[in-house]
Amino acid sequence: MTDQTVSASQDQPRLSLVSKLLPLWIILAMAIGLLLGRFAPDLGKALQPGIPLGLFIMIFPAMTKLKLEEIKGAVRDWKAAAIVVFFNYAVNPFLLYGIGWIFLRDHPDLWTGLVLLGVAPCIAMVLVWTDLARGNGPLGIVLMAWNSLIQIVTTPFFIWLILGKQASVDISLVAQSVLLYLGLPLLTGVLSRRWMLKNKGESWFKKKALPVLDDIQLIALIATLVVMFALQGDVILQHPELIYLMAVPLVLFFFLLFFGVLFVSRRAGFCYADAATTSFHCTGRNFELAIAIALTAFASQPMVGVSTVIGPLIEVPLMLTIVYLAKKFEWTLFGTNTAGACSRNSLPQSNLNQ
């Protein structure tokens, strides 16, 4: 929505083989984890202490992309920021709670896991979805910065507000999880970014460091999922209906929210690239944080952890489907086929005056 938007498609990094085949890796991770849980359960237990490190590594690379000094860009792009804040923090937690009431009220632990997936927006994979959908990369980084900062405060609050009366929630453990798996990666990521830019330069950072960090992030995700499915393998194999029970509300949520926000963004005057970026930042879920909270604050309720582990298994193919549909709907909704670039005439009026 600034001048950077026009060249956003050229600035977007190419996805590596690891990123392009992510759904396959997740399916393989699930299968390997289930097999380990079935035939080598002690191995999963031995690897369990590595889960916190894996969760940290999953989130850290995304934080190295944050340009906190560019948060002021959301003042110029105030419409996108307003839409993202409204849907992520005034709609999503309660929407998933309501959908959970419809489909999962007889399964309270799964309902709790669904709520955990709803309280925090995605801050890592969302950049991959934006890239695949030919969205506005610079705008996405600004929105990710806002989401990273806001959810540090709002996540414990929403868990207390929504789940406090239904589950025994130790809010101090929730807060510790948020600080450990969100606050610490944010601090170390921002400091690491500044060090690399100062000592190695921007070109090296973008061309050398970021691709490696992206692959490390996804490898950490895959490794962590292997361990988690190994720990919960028996439960999932004995109750395969858990995947179906979680899939129905999540499919409804993702499609309703993404295309609802896409329509709102179109009505606000956004071009396709900006509308798609805004929609992904409202729709993607921070399953890394949800898993971390489930494994710590809800350790006595293992089915909560199972439900959050199932989350990425469902989210990844769903989001890839939405990416495909979004590009197909570009001409229908926006009358353009811009390959991610916004012409100057398609920008919201508030930005044309700058």
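Glycine is no exception: its Cβ is also placed from the backbone N, Cα and C atoms.
Annotation comment: TrEMBL describes 21-40, 46-68, 80-104, 110-129, 141-163, 169-191, 212-231, 243-265, 309-326 as transmembrane segment.
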For the transmembrane segment (80-104), the distant same-chain contacts (Cβ-Cβ under 8 Å, at least six residues beyond its ends) come to 1, 74, 110-111, 114-115, 117-119, 121, 139, 142-143, 146-147, 150-151, 154, 158, 162, 245, 248-249, 252-253, 256-257, 261, 264-265, 268, 270, 274, 277-278, 281-282
May I ask you to check whether the transmembrane segment (46-68) and the transmembrane segment (212-231) make contact, with contact taken as at least three Cβ pairs under 8 Å and only pairs 6 or more apart in sequence counted?
-> yes
The transmembrane segment (110-129): which same-chain residues, six or more beyond its ends, come within Cβ distance under 8 Å?
-> 15, 19, 22, 58-59, 61-63, 65, 84, 88, 92-93, 95-97, 99-101, 104, 135, 137, 140-141, 144, 147-148, 151, 154-155, 158-159, 162-163, 166-167, 182, 217, 242, 245-246, 249-250, 253, 280-290, 293-294, 298, 301, 303-308, 310-311, 316, 319, 322-323
Remote residues contacting the transmembrane segment (243-265) - C-beta distance under 8 A, at least 6 residues beyond either end = 80, 83, 87, 91-92, 95-96, 99-100, 102-104, 107, 110, 113-114, 117-118, 236, 274-276, 278-280, 282-283, 307, 310-311, 313-315, 318-319, 322, 326, 329, 333
